[in-house]
Amino acid sequence: MNRSVIRSIDRARPIRRPTGLENYSPTQRKRHQDLNHRFVSSQPNQQQPQPGDGTDRLTHFGFRDVPENLKQKLVGNVFSSVASSYDLMNDAMSLGIHRLWKDQFIKSIDPNGSLNCLDVAGGTADIALRILDNSRLMHSNRDTKVLVVDINPKMLEEGQKKVRRTVYHTNREEDRQIDFRVGDAEDLRNVEDGSVDLYTISFGIRNCTNIDKVLREAYRVLKKGGRFSCLEFGKVQNPILSRLYEAYSFNVIPNLGHIIASDRDSYQYLVESIQKFPSQPEFARMIEEAGFILPRPSRENGMKRWADLSFGLASIHDGVKL
């Protein structure tokens with residue numbers, strides 16, 4: 001295990017969120033109801049789960065509770081719909097700040113050397129390419145390899161298109177540094193135990209049905225000394241900024257989705273999924289409960305076990321498997 005992967009690692013009761021819509025405006029409730037109708041109706045002949053058949057456990061899809069076995073299909077519809085405009089929408093929604101977050105994410109990891117990296121839910125290859133660039137440009141190293149896994153083939157197609165425009169595109173298998181595979185973050189059955197040096201997941205884990213399963217799979221596939229690194233949206237603690245961010249999220253982002261991607265509903269879901277994701281302390285606790293060793297609190301991170309970006313709009317979470 002390369003020392004650089006471990007070196008930068010030295011830098012909890014859950015907060016319960018309302019599950020109903022009573023705290024939201026009538027307009028937001030109406031949009032939520034329209035979103036539910038669209039995504040449920042997009043599943044033709046969807047068989048309703050029967051009590052006791054193992055499919056009646058509920059999880060959230062945005063602000064709506066749905067059977068666990070249905071959420072993956074609904075999320076799949078969202079990302080199939082937005083795949084071709086995903087990068088453009090990210091730029092528009094965040095005013096380009098998501099690029100700075102991703103740059104900081106990779107800088108905090110500083111990947112280098114003969115690493116076997118796994119980027120999960122990374123279809124568009126934003127993180128994978130940054131990993132390779134860091135290794136090549138900062139350390140003159142071309143031995144790092146990244147496997148990009150995503151459950152959505154259309155997102156992977158976008159990533160493959162992007163790679164074909166870079167120096168990493170090659171037809172020689174022995175020279176290939178990046179590869180793509182359809183796979184489920186909750187069931188990485190084609191990835192061997194203890195085979196990965198670095199596991200990354202960026203803005204993807206909140207869309208998974210069972211976060212605990214994702215974390216357990218990450219722990220399983222990592223080598224001893226391997227690193228789990230996650231970039232995800234967080235909760236803004238400043239009440240004024242939090243209200244401004246919520247107003248922007250619900251009133252601007254879905255409209256941008258309509259203008260740029262002709263898809264308001266998918267971005268309404270993405271906004272709701274951010275609201276439903278655990279707080280930073282709760283998510284850090286989940287990572288620790290999966291078996292990972294968390295970073296020690298430091299002044300650099302405000303004596304927290306994660307790193308907040310842009311007042312907590314996004315956060316970097318790390319853990320090491322010992």
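Each residue, glycine too, has its Cβ placed from N, Cα and C.
Note: TrEMBL annotation is automatic and uncurated.
Under the heading S-adenosyl-L-methionine binding site, TrEMBL lists Thr124, Asp150, Asp184, Ala185, Ser202. Look at TrEMBL and you will find 1-61 tagged as region 'Disordered'.
Under a cutoff of 8 A between CB atoms, and with a sequence separation of 6+ in the same chain, the neighbours of Ser202 (S-adenosyl-L-methionine binding site) are Lys102, Phe105, Asp119, Ala121, Gly122, Asp126, Ile127, Cys230, Leu231, Glu232.
The Cβ of Thr124 (S-adenosyl-L-methionine binding site) lies under 8 Å from the Cβ of Tyr86, Asp87, Met155, Glu158, Gly159, Lys162, each of these being in the same chain and 6 or more residues away along the sequence.
Sequence-distant neighbours of Asp184 (S-adenosyl-L-methionine binding site): residues of the same chain at least 6 apart with a C-beta under 8 Å from its C-beta are Gln72, Ile151. Listed in sequence order, the residues of the same chain lying 6 or more apart from Asp150 (S-adenosyl-L-methionine binding site) and placing their CB within less than 8 Å of its CB are Val120, Ala121, Gly122, Gly123, Leu156, Gly159, Phe180, Val182, Gly183. According to its DSSP assignment, Ser202 (S-adenosyl-L-methionine binding site) is in a strand.
Under a cutoff of 8 A between CB atoms, and with a sequence separation of 6+ in the same chain, the neighbours of Ala185 (S-adenosyl-L-methionine binding site) are Val120, Ala121, Val149, Ile151, Ile201, Gly204, Ile205, Cys208, Val214, Glu217.
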